[in-house]
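Participant: Can you read through this structure? Questions will come right after.
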Amino acid sequence: MPTFVDRVVLHAAAGDGGHGCASIHREKFKPLGGPDGGDGGRGGDVRLVVDPSVTTLLDFHFHPHQRASRGRPGQGSNRSGADGEDLILPVPDGTVVLTGDGEQLIDLVGAGSAFVLARGGRGGRGNAALASARRKAPGFAELGEPGELLDAVLELKTVADVALVGFPSAGKSSLVSVLSAAKPKIADYPFTTLVPNLGVARAGDHPPYTVADVPGLIPGASEGRGLGLEFLRHIERCSLIVHVLDCATLEPGRDPLTDLDVIEAELAAYSADLSDRPRLVVLNKIDVPDAADLADLVTADLRARGLDVFAVSSATRRGVHALSLALAERVAALRAAAPSRAATRVVLRPRAVNEPDFTVTSHGDGFLISGAKPQRWVRQTDFTNDEAIGFLADRLARLGVEKELARLGATAGVEVTIGDVTFEWEPTLSGGGLGGAGLAGDGTAVDLLGADEPGAGAQAAAAGERSPGVPTAAPPRPAGRAVAATASLGPRGSDDRLSGSVRLTRAERMARARRARLSDADADADIDASGADARTGGAVDADA
């Protein structure tokens, strides 16, 4: 079972937002309580945080799927749902986050560095938040927005001060074991080390420094031979490169100078930046017969190249102390010369005044609408609710989508795609269309509403044509149907029952009927009185 993993594929899923609640307040003696549906909670984020106690990506190797909790739905009585908890994933220092296409998202260096890998979805608004002067009691609520889904590649680049590089079996693991308290696996066969071994070394009064034992490199490592690419990335962050050369090798065609040239060529081929790193040379295994003589022979050539050379023996610890002091001094000098890490600046870029909220482009035989607002509105719309669909249509119309579609020549019935939803577009006609007849919220022509009964104007005209000698006792009929036609011009999905503009409560209907009966009785009394006066007057004239 692996104990060190430096590359994994992580499938992150943020929490979905909670749905809003569509609820009406119910309380004794309050028949028109109004909407009281609460908002849904926000979905949890998936966050990566650098933890110094974590040194490997092993946990994600066994658990590659990570999901944050979703937001709770809203409830009645204006109770909002709880937000989902963020999922905190600890990662080692030096973790690089990449997309599936290899694009780098973030380089996490330093304890506490954090990155939001996937953001949770917004919670849907309840009908209490959707109420307005025109829509006083919405019978719908917004759905929670889905959380983000992301497949990311996590790569660990070891953060160390010193990198020990060289051919397999050059003695790198043995050297790191005597420089520090690390206990790597040591054997007499190539590629014993398959993962970097880290150790913390101390020398004199200098601060401690970190040493990384990089697995062995061979010719073609920069092209991936011998897992070269997996090993070379652990050198990128090291500030000092130490070439460990085997002076006791018996392989034909190999000697310390040749090995140095091969490793230098692979480093330069992998990254040009590595060619500029400070470096020194360690001639290892001088305890082996004839190895010390070979070390003395090549030392002059190495120093002629401007390299510091140290001859050591990991077995007898000869020269190890001097090497450790030199490494500590070099690391301290490099740390002092390194520029301080600047704090990340948060740049706020204001949105342009004339920047459109959406774009409409031709897409096959239809049109494609892109934009954060319309796509979010579609995701949060409950398409099983007619009022919610009408609300979406109103929002798109106010945003100017209909005007843009009409400008581009869209006709009724053409397919329009917004996000993952495709529908047939039916233009909403304003007043004056269809010969002056506007459309109500449900698509019915306003002039057809109440056409079976005369309105107030028709009743007044009819009353004027009656005989002036016969008074009209009944008052003008309330234009209830006309009011209904006017109210239907409001946005689709408005609740006329609670608005009080169209439908009357039982008490109001009874009061109106009572007033009508009283008016009829008064009119009958006036008619009887006028008839009696006429009869009396006629008798007087006859007597006269």
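Glycine is treated like the rest: Cβ placed from N, Cα and C.
Given the structure is predicted, the values throughout are model-derived calculations rather than measurements.
So Swiss-Prot lists these for the protein:
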type	residues	note
DOMAIN	2-159	domain 'Obg'
REGION	63-86	region 'Disordered'
DOMAIN	160-332	domain 'OBG-type G'
BINDING	166-173, 191-195, 213-216, 284-287, 313-315	GTP binding site
BINDING	S173, T193	Mg(2+) binding site
DOMAIN	350-427	domain 'OCT'
REGION	456-544	region 'Disordered'
COMPBIAS	456-472	compositional bias 'Low complexity'
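Are these features on the surface or tucked inside, and what touches them?
Facilitator: Residue density at P215 (GTP binding site): 23 other Cβ atoms are found within 10 A of its Cβ, drawing on all protein chains shown.
Counting only same-chain residues six or more apart in sequence, the Cβ atoms lying under 8 angstroms from the Cβ of T193 (Mg(2+) binding site) belong to K172, S173, P184, K185, D213, P215, G216. In three-state terms derived from DSSP, T193 (Mg(2+) binding site) belongs to neither a helical nor a strand segment and is classed as coil.
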Participant: Return the residues near G166 (GTP binding site), defined as same-chain residues 6+ apart in sequence whose C-beta is under 8 angstroms from its C-beta, sorted by sequence, else 'none'.
Facilitator: K172, G216, L217, H243, V244, L245, D246, D259, I263
Participant: Return the average pLDDT for the domain 'OBG-type G' (160-332) as a whole number.
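Facilitator: For the domain 'OBG-type G' (160-332), the model's average pLDDT rounds to 84.
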Participant: Any idea what DSSP makes of S173 (Mg(2+) binding site), helix, strand or coil?
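Facilitator: Looking at the DSSP assignment, S173 (Mg(2+) binding site) belongs to a helix.
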Participant: State the non-local partners of the region 'Disordered' (63-86) in its own chain: residues 6+ outside its ends, Cβ under 8 Å from one of its Cβ atoms.
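Facilitator: Apart from its flanks, the region 'Disordered' (63-86) reaches 8-21, 23, 25, 36-47, 118, 120-121, 123-124, 126, 128, 141, 144, 147.
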Participant: Per DSSP, S313 (GTP binding site) is which: helix, strand or coil?
Facilitator: strand
Participant: At a 10 Å cut-off from the C-beta of S169 (GTP binding site), count the other C-beta atoms across all protein chains.
Facilitator: 21
Participant: So, by DSSP, how many helix, strand and coil residues make up the region 'Disordered' (63-86)?
Facilitator: 0 helix, 5 strand, 19 coil
Participant: With DSSP as the reference, give the number of residues of the domain 'OCT' (350-427) in helix, strand and coil.
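Facilitator: Secondary-structure composition of the domain 'OCT' (350-427): 29 helix, 18 strand, 31 coil.
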